[in-house]
């Protein structure tokens with residue numbers, strides 16, 4: 001019971017003391033001795049001769065929106081040229097003075113942060129700390145200037161005229177005596193962007209018994225050679241394009257031979273005439289099959305260049321810009 005009573009009495013005394021301090025100390029009575037805060041540290045005192053005890057020092061800093069500084073914070077301010085000639089309370093419970101140069105009247109000719117341990121009831125000034133300060137000296141704003149590198153870029157525009165001329169290419173089949181038609185496209189206007197051209201000519205020779213396809217790819221002269229031969233025509237691989245052309249030529253040749261050999265009158269006048277033509281064609285095919293083995297054995301002994309069978313040649317050319 002006695003312990004509870006003593007605890008209540010202690011709390012009541014603390015609360016009463018705090019009310020007395022808050023009621024007796026006002027912000028109008030305070031004076032800031034050091035107007036410029038160094039590293040957030042300033043010295044606060046009362047305008048009257050009577051100064052502050054340790055409890056009043058905490059309350060004075062609080063009324064100004066600050067907090068009671070610690071000894072380490074005062075030492076940091078000392079390194080930034082913070083110097084006073086008055087002792088003041090710090091949060092460690094004793095008073096200190098910050099001195100850069102010795103002076104008999106200030107700190108007894110001492111240098112640095114000098115400590116003086118006294119009872120908390122003694123009255124001194126107070127060292128208050130502002131945690132929101134970012135400048136070394138609050139009176140001298142620090143302007144951070146960032147110099148952006150200036151690049152003097154001089155762009156030299158050089159225009160080179162490229163005259164692309166297509167040479168005349170003559171493609172002929174070794175199995176035909178008919179020369180292929182020549183292709184001479186007009187030279188394009190000069191431009192600053194070099195262009196590459198490919199001229200793909202496919203010569204198709206149609207014979208009665210066989211079809212020969214020859215492909216040539218003359219390359220237009222240019223300063224830069226093609227580094228990747230697998231690059232295709234307009235995004236399509238060259239091999240696929242060649243195969244497509246070969247299949248197309250073969251189909252066209254077979255169709256031509258079929259029309260030339262079997263179809264004599266088109267369209268058919270009536271169904272009876274069509275049946276007669278089909279029957280005649282079947283009889284001719286049977287005769288041709290009987291005579292084919294003998295003819296094939298004879299053709300194998302002959303050179304393809306000595307063939308006297310008539311042939312027709314067509315040339316298809318494609319020009320593409322790469």
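Keep in mind that glycine also has a Cβ here, set from the backbone N, Cα and C atoms.
Now, the feature entries from Swiss-Prot:
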{"type": "SIGNAL", "residues": "1-19", "note": "signal peptide"}
{"type": "CARBOHYD", "residues": "53", "note": "N-linked glycosylation site"}
{"type": "DISULFID", "residues": "61-128", "note": "disulfide bond"}
{"type": "DISULFID", "residues": "85-106", "note": "disulfide bond"}
{"type": "CARBOHYD", "residues": "130", "note": "N-linked glycosylation site"}
{"type": "COMPBIAS", "residues": "279-309", "note": "compositional bias 'Basic and acidic residues'"}
Inset, instruction - Pick the one among the disulfide-bonded residues 61, 85, 106, 128 whose Cβ has the fewest other Cβ atoms within 10 Å in this structure. - result: 85
Legend entry - Distance from residue 85 (disulfide bond) back to residue 61 (disulfide bond), taken between C-alpha atoms, in Å: 19
Inset, instruction - Around the Cβ of residue 53 (N-linked glycosylation site), how many other Cβ atoms lie within 10 Å? Please give the count over every shown protein chain. - result: 18
Inset, instruction - Fill in the CA-CA distance, residue 106 (disulfide bond) to residue 130 (N-linked glycosylation site), as an integer in Å. - result: 25
Legend entry - Candidate recorded positions 85, 128, 130, pick with smallest Cα gap to residue 53 (N-linked glycosylation site): 128
Inset, instruction - Around the Cβ of residue 130 (N-linked glycosylation site), how many other Cβ atoms lie within 10 Å? Please give the count over every shown protein chain. - result: 17
Legend entry - DSSP-derived structure type at residue 128 (disulfide bond), helix or strand or else coil: strand
Inset, instruction - Looking only at C-alpha atoms, tell me how far residue 130 (N-linked glycosylation site) is from residue 85 (disulfide bond), rounded to the nearest Å. - result: 21
